[in-house]
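Beneath this line is the structure, given in C-alpha cells, with notes to follow.
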C-alpha cells in the first residue's frame, strides 16, 4: 500500500492537490481562518492566509495582515505582556509577586548604560569614561582643572602679577632710599628679606594653576608653607626689635644690644627650619601626586584632575605651624601697638596679622566644602589676600612717608620730635 501511496497525485473536488511524500506522509495544506464579527454581531470565518508544505522554502506560509481583525475590533497586534519593553537607557526590574512579564523601567545609574530595548541590566562604563545624557553610550570623561586659559585662571594670574609688580616697585623704592632712617629702622636687611618672601608668596600661587603634575603637586604646599613661614619670621623679628627698642630707653635694659643683626638672622633661621624639615619629611615619606578624581562625575559629569595627599596630616601641621607663628607675632605686635612713636610699625603689623588670621580662618571651612578645582581657587585667593594684606599694611605706609612726606623721614621725625 505504501508503494502505491507514494505514486498517488491528483486534484480533488475542492481543487486541492493530493499527493504523498517518500515516507507516505501527506503534504500539509492548511487554511488560516480569522473569526470576525460582522455588523450584526454574527461570527463569520474569513480566510486570512494559508500554509502549503509543497511550496518552496520561504513561501510556504502566507498571511494577509490587512484582513485580520483582533479582539476588540483593532487591526494592530495586541501586546502579549503587561509591561512594554523598556527603552535604551533603562533596565527592567520585576514587580514582586507579579508575573515575569510585569516589570518597571528604571533609568540606569550615572556611569552606566543600556543600548538595547528590554535590557535587564545596565553596563558600567570603563574607567575614564562616563554615560551620556541619555545613558545609551559611554563617552570619554571631561577632564577639569584650574586652567590658565579659563576666566578664573586669567583673573588669578592678573592678581598674582599685580602683587609681584607692586612688590618689585616697593623694593625699588626701598633700595633707592635705603640710607634714610625709615628704611634703616628695624634692620633694612630684614625688610628686603620680607619683601622677597612676600614676592615668593605671590609667585607660589602660580604652581596651583594648570594641569597637576608630579612636580607641581610636590611643590605646591611646600613652597607655600616655607614662603609664609619666612615672611612671618621676618615680622616676628621686626616686632621683637620694636619692643626691645623702646625698652632700651630704660638705663638697665641691654636687650636691643644683645639682639643685633646676627641674632635676628639666627632667629629667622631657627623659626624657618622646623617648617623646612616638615616639608622635606613630608615629600620624602608621602609626597602628593596627581590623580583623576571621578567623585564629582555624578554631579558635574567631569573628572577632576587634582593632587592627592596621602598624608593629610602633613598639610594641617604645615598650616598649624604658620598659625602658631602668626599668633605669636600678633600677640607681640598687639602689646606694642600703643608705643609712643610717630611711625609705630607694631601697629601696622597688628593690622596685617588681623587680616592674615581673618583670611585663613575663613579659608579652612571654604577649602573643605569646595568641590574639585574650586578648593584650589579658594586656597589661591587665601594666599593672595594674606599676601596683599602684609604688603599693603606694612610697606605702603612707609612708602607714603618716603614719597609724599620726606620731612618726616628723618631721625627726629621717627621719634615724633619734628616740627609740624
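Glycine is treated like the rest: Cβ placed from N, Cα and C.
Where the annotation comes from TrEMBL, it is an automatic prediction and has not been curated.
Among the features that TrEMBL reports, domain 'G-protein coupled receptors family 3 profile' is placed at 152-418.
Long-range contacts of the transmembrane segment (152-174) within the same chain: residues 146, 183, 188, 191-192, 195-196, 198-199, 202-203, 205-206, 209, 377, 380-381, 384, 387-388, 391, 395-396, 398-399, 402-403, each at least 6 residues beyond the stretch ends and with a Cβ under 8 Å from a Cβ of the stretch. Look at TrEMBL and you will find 152-174 (among others) tagged as transmembrane segment.
The transmembrane segment annotation in TrEMBL covers 190-210 (among others). Listed as Cβ neighbours of the transmembrane segment (190-210) (distance under 8 Å, sequence separation of 6 or more from its ends, same chain) are residues 145-148, 153, 156-157, 160, 163-164, 167-168, 170-171, 174-175, 183, 216, 219-220, 223-224, 227-228, 230-231, 234-235, 237-238, 264, 268, 376, 379-380, 383-384, 386-387, 390-391, 394-395.
If you look up TrEMBL, you'll see 222-246 (among others) marked as transmembrane segment.
Annotation source TrEMBL lists transmembrane segment at 267-285 (among others).
Residues annotated as transmembrane segment in TrEMBL: 315-336 (among others).
Residues annotated as transmembrane segment in TrEMBL: 348-368 (among others). Tertiary neighbourhood of the transmembrane segment (348-368): same-chain residues 235, 238-239, 319, 322-323, 326-327, 329-330, 333-334, 337, 375, 378-379, 382, 385-386, 389-390, 393-394, 397, selected by CB-CB distance under 8 Å and a gap of 6+ residues from either end.
If you look at the transmembrane segment (380-404), the same-chain residues 6 or more away from its ends with a CB under 8 A from one of its CBs are 146, 156, 159-160, 163, 166-167, 170, 173-174, 177, 180, 182-183, 191, 194-195, 198, 201-202, 204-205, 208-209, 224, 228, 231, 235, 343, 345, 348-349, 351-352, 355-356, 359-360, 362-363, 367. According to TrEMBL, the feature transmembrane segment maps to 380-404 (among others).
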Counting only residues 6+ away from its ends, which parts of the chain sit with a Cβ under 8 Å from the transmembrane segment (267-285)?
190, 193, 218, 221-222, 225-226, 229-230, 232-234, 236-237, 240, 311, 314, 317-318, 321-322, 325
